[in-house]
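Notes for the one structure printed next.
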Amino acid sequence: MLWVEKYRPKTIKDVVADKKVLEKVVTWAKNWEKGIVQKPLLFAGPPGTGKTSLALAIANTFGWEVVELNASDQRNWRIIYHIVGEGAFSETISDEGEFLSIRQGRLKLIILDEVDNIHKKEDAGGEGALIRLLKKKPRQPIILTANEPYNLSAELRNLCEMITFRRLDVRRVVAVLERICAQEGIRADRRALESIARNAGGDLRAAINDLQAIAEGKTEIRVEDVVTAKRTQETDVFKVMQKIFKTTSSAVYSEAMLLDESPDDFINWIDENLPLEYSGEDLLKGYLVLSRADIFLGRVRRRQFYRLWKYATYLMTAGVQQVKKEARRGFTRYRRPAIWQMLAASRQRREKMKTILAKIGRYSHLSKKKASTEMYFTIKFLLSKTEIPIAASVAAFYDFSEDDIKFITGDEERAKEIMKYVKEHRLHRVEDESFLTAFEMLEREEELATAAEAEEEKLIEVVSEEGDESEEETEEKVKRERREKRRKKKSKGKEVTLDFFS
């Protein structure tokens, strides 16, 4: 049994989706329960984001029966009228397909899956029939799903309340995969599950299918298992690129659409390997076509207009294929996109910088932002340009490692010299009054204040016993002495603080 069916959500609580989406759908269903007729819902979003699962979970939660037509069914105007038409305008439907009054039965949810594919030949007249039915305001709940809602006519979209489903983030997909592994008795490395989730690109159904394929016959899933599966996927990418660059096969567009790579990722493969295959005028024309594909992808990102994906994919496959005068023969070793490695390196640099700024901020009592703007470049100068003993003192004070110093200075040899000096002279952080934390300073001040009060009382008693001064004079004398002690204490603190930089 496929795990996507085995672990399909049974109720709304099990569905992985945005909270706002769930709230809207629950409110819609509750209104139907109260007898308030609602507009049909149009669930729109990429595959694997839970559209059909949520529709079925709604029916299970509220105890509704389900009538479902999916992409594999013949959906011409006769089928639409018979199933959707009679069902939507009768009060309810029996399990045998007979239409009953509301007194004889309960609500049944009508689900039309993948309505954006309803315009095909076998669905002749289907969309027109559906529009005519929805205009009559059905008396049964109806949910339509679509991967690309803008393939539908504006008239059909306006008759429904559209709810948009976004791709799931890696964290939420991993949580589902972990739950499945636990129920299947499989030990899984979290890094392996994260890799599966990233490869799926927010498609939970694809992630579960990949997990089942990788886990077949195993009791444990390691990172290496996922890498092997990814390598198989990349082999398919290489085959498609060979057809783009070395053939004139018209099937290349269809094969590219079957890849697990999104158009945003696949364009990076073409961009990286185009100069390896084309040259001169062919290369120029190839990049012109590829730039047009990139424009379409930009519009998809800005407007969430996924209908444009197919145009972008056509340009980056058949478009790039057709501009060449003749194919280059022989073997070409294709490369993975360099931009991915650059992004990974950039992410590592940002994480390293955060670690260093955290140390500077902690020991200088500054936020990371202020540590970056006020201290980082001063410390970089001290580590890079001053004598080794001074640089070593700075490194010891901020508890920098050799990697930290190398990152800041960009000089591996100097980093080694500084750390060598630190170790030979056993330099380490020395906590003193000038570098106490805020809480420690507060405790120290309270202790000093208590001691000062005790000393003041003792002094007053001594003076009172002597009887040489009036009570007002005694208090004034004590205040002067306290002010003098505070002044000396502040002066000493400043000297200690400045001593480090002298």
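Glycine is no exception: its Cβ is also placed from the backbone N, Cα and C atoms.
No curator has checked TrEMBL annotations; they are predicted automatically.
What TrEMBL lists as ATP binding site is Gly45, Pro46, Pro47, Gly48, Thr49, Gly50, Lys51, Thr52. Per TrEMBL, the feature compositional bias 'Acidic residues' maps to 460-475. Here TrEMBL flags 482-492 as compositional bias 'Basic residues'. The compositional bias 'Basic and acidic residues' annotation in TrEMBL covers 493-502. Residues or ranges marked as domain 'AAA+ ATPase' in TrEMBL: 37-178. Among the features that TrEMBL reports, region 'Disordered' is placed at 460-502.
TrEMBL feature annotations superimposed on the structure.
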residue	record	CB count, 10 Å
Gly45	ATP binding site	23
Pro46	ATP binding site	18
Pro47	ATP binding site	15
Gly48	ATP binding site	23
Thr49	ATP binding site	26
Gly50	ATP binding site	22
Lys51	ATP binding site	26
Thr52	ATP binding site	19
Overall pLDDT for the domain 'AAA+ ATPase' (37-178), taken as the rounded mean: 76
Cβ-based neighbourhood (8 Å from the centroid) of the ATP site, residues Gly45, Pro46, Pro47, Gly48, Thr49, Gly50, Lys51, Thr52 excluded: Phe43, Thr145, Asn147, Phe165, Asp203, Leu204, Arg205
